[in-house]
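According to TrEMBL:
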- 39-126: domain 'Ig-like' (DOMAIN)
- 136-218: domain 'Ig-like' (DOMAIN)
- 222-311: domain 'Ig-like' (DOMAIN)
- 1-27: signal peptide (SIGNAL)
Amino acid sequence: MGVGGCLALPWRCLVVLCLRLLFLVPAGVPVRSGDATFPKAMDNVTVRQGESATLRCSVDNRVTRVAWLNRSSILYAGNDKWCLDPRVVLLANTKTQYSIQIQDVDVYDEGPYTCSVQTDNHPKTSRVHLIVQVSPKITEISSDISINEGGNVSLTCIATGRPDPTITWRHISPKAVGFISEDEYLEITGITREQSGEYECSASNDVSAPVVQRVKVTVNYPPYISDAKSTGVPVGQKGILLCEASAVPSADFQWYKDDKRLAEGQKGLKVENKPFFSRLTFFNVSEQDYGNYTCVASNQLGNTNASMILYGE
């Protein structure tokens, strides 16, 4: 329902009835549209939600009575306000122009508005259509998700606005690689670890700046050891063996010499574990320290290992 308020009759019949009452037109004289130039209303009016809409109607000195109507409701008749809506105000009632303003426009105000005038004992009308634009708003978006590598992902982004907004998805991390979907739904089949990161949904309809929201996609995968090198160290010097591994969730590390697990705090050794690497430090290398060492990296999805040698120089 738009602005105004009048009797609950079919609007065409009510307009005819109200105009006859306003302009005292005999029952046998039909209400009809005017010619192409008089009265002259403005072109369609487009405003954003929350703004003010001004409706103007050009008249001349032949006009004796004027009125603005919205569907079946009389808004103003001359200087008299017929509607109860405080947002509707009279701007001008002169010999050349009859205009009103609708403040704080909302979507239910959209629709046809009619300028009706009395001249030569014949009511004539001209119509203008009010179009209300609404900034985009994201009303529903998928939550952050964690999934194992190889699984399928479906992301949803629903937005409202007038006109209907365009929805685009973009993979923005680790770095943006352009739009990957121009739809409300983003489907990823057999997701890989490279496709993890943040995905940005953008809703745009040119009414205002696009609105964006992000979804974080975490891809879980078993450990992969990327660096494990043998090291030569003279007796009596400090030696380090380094094992680097990528994994999600982060890997747990264990060290073995031959088949014997090395314990944290073992004399002369230090094991330092971080999310993506483990460091085995020998503070004072002896002949007994030389040999084959194995790094084992594991998480709930699997494990892997790599061997390296600590040797003398």
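From the backbone N, Cα and C atoms, a Cβ is placed for every residue, glycine too.
All annotation found in TrEMBL is predicted automatically rather than curated by experts.
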Confidence summary (mean pLDDT) of the domain 'Ig-like' (222-311): 93
The domain 'Ig-like' (39-126) - residue tally per DSSP class, helix then strand then coil: 3 helix, 51 strand, 34 coil
Helix, strand and coil residues within the domain 'Ig-like' (136-218) as assigned by DSSP: 3 helix, 49 strand, 31 coil
